[in-house]
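Here TrEMBL flags 19-273 as domain 'NADP-dependent oxidoreductase'. Residues or ranges marked as active site, proton donor in TrEMBL: Tyr37. Per TrEMBL, the feature site 'Lowers pKa of active site Tyr' maps to Lys67. For His100, the entry in TrEMBL reads substrate binding site.
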Amino acid sequence: MSATGRAPCGLPRIGLGTAVLRAIQLGYRHFDTAAHYATEAPIGEAAAEAVRTGLVASREDLFVTSKVWCADAHRDRVLPALRRTLSNLQMEYVDLYMVHWPVTMKAGRFTAPFTPEDFEPFDMRAVWEAMEECHRLGLAKAIGVCNFSCKKLETLLSFATIPPVVNQVEINPVWQQRKLREFCRAKGIQLCAYSPLGAKGTHWGSDSVMDSGVLHEIAKSKGKTVAQVCLRWVYEQGDCLIVKSFDEGRMKENLDIVDWELSEEERQRISKIPQRKINQGRRYVSEHGPYKSFEELWDGEI
């Protein structure tokens with residue numbers, strides 16, 4: 001089974017943030033990576049092996065995305081960064097290349113902890129013009145952004161020659177992104193959800209999604225897991241979503257969200273869950289940096 005269809009922009013609706021051959025065997029075709037994750041080489045190796053062994057007919061059967069890290073968010077560093085990514089992936093192109101954050105760091109700053117001195121003002125126009133060059137050269141079939149607010153998207157669209165195809169942001173039942181979704185739909189930008197389960201267990205994640213009483217009650221009544229209810233909710237919004245698991249059972253479970261749906265009553269209950277953004281981007285905010293508050297980073301949208 002292919003991973004549950006594609007969005008209008010061509011992005012497979014369910015993507016995996018980890019890559020193993022077994023995932024490809026199970027039907028995953030969308031693999032999400034980034035220079036900052038240090039997962040590009042393993043994903044490239046798995047993709048090459050899948051083609052060699054006939055799991056997929058060719059590279060074109062896979063949809064691979066990556067992201068330019070903040071330390072390379074400079075006009076003259078975006079294209080070299082993508083070339084390194086392609087070398088890591090052993091590929092001639094990525095299907096989608098994204099700006100990881102609307103943040104610029106000094107060249108070479110890849111590993112936390114970061115200090116206020118590491119940050120520089122984000123030159124959105126310069127970075128996006130470099131992204132457009134990546135697309136024109138055929139090294140990125142499509143280009144997009146991550147963690148952009150409505151206001152930042154509006155600024156980007158005011159000068160972009162090639163508009164972003166995707167905005168990858170945190171989306172889950174505890175952070176539903178209604179305003180951003182409405183804006184993106186109106187502008188023809190596909191939302192893609194990271195941390196649809198709340199990133200429990202990460203240094204910035206929360207158990208507020210997986211421990212939600214409402215979601216537990218809905219899962220029990222439907223004979224589904226809490227994770228499946230969360231993923232189905234995101235799927236029903238029309239968003240693409242990125243899941244992360246090395247566990248084969250969970251990889252299968254995460255694909256099993258297509259042939260059933262939430263009831264209107266269940267959707268209403270989920271819509272009333274108190275909202276709180278989990279990944280606030282704390283490391284990018286400093287009274288001595290370009291973003292002095294969360295208000296500035298997110299333009300008052302959290």
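Cβ atoms here come from the backbone N, Cα and C positions, even for glycine.
TrEMBL entries are annotated by machine, without manual review.
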Residue with minimal Cβ packing [other Cβ atoms within 10 Å] among the recorded positions Lys67, His100: His100
Rounded to the nearest Å - Cα separation of Lys67 (site 'Lowers pKa of active site Tyr') and His100 (substrate binding site): 5
Segment-level pLDDT (mean, integer) for the domain 'NADP-dependent oxidoreductase' (19-273): 94
CB contacts for Tyr37 (active site, proton donor) [other CB atoms within 10 A, all chains]: 16
Alpha-carbon distance [Tyr37 (active site, proton donor); His100 (substrate binding site)] in Å: 11
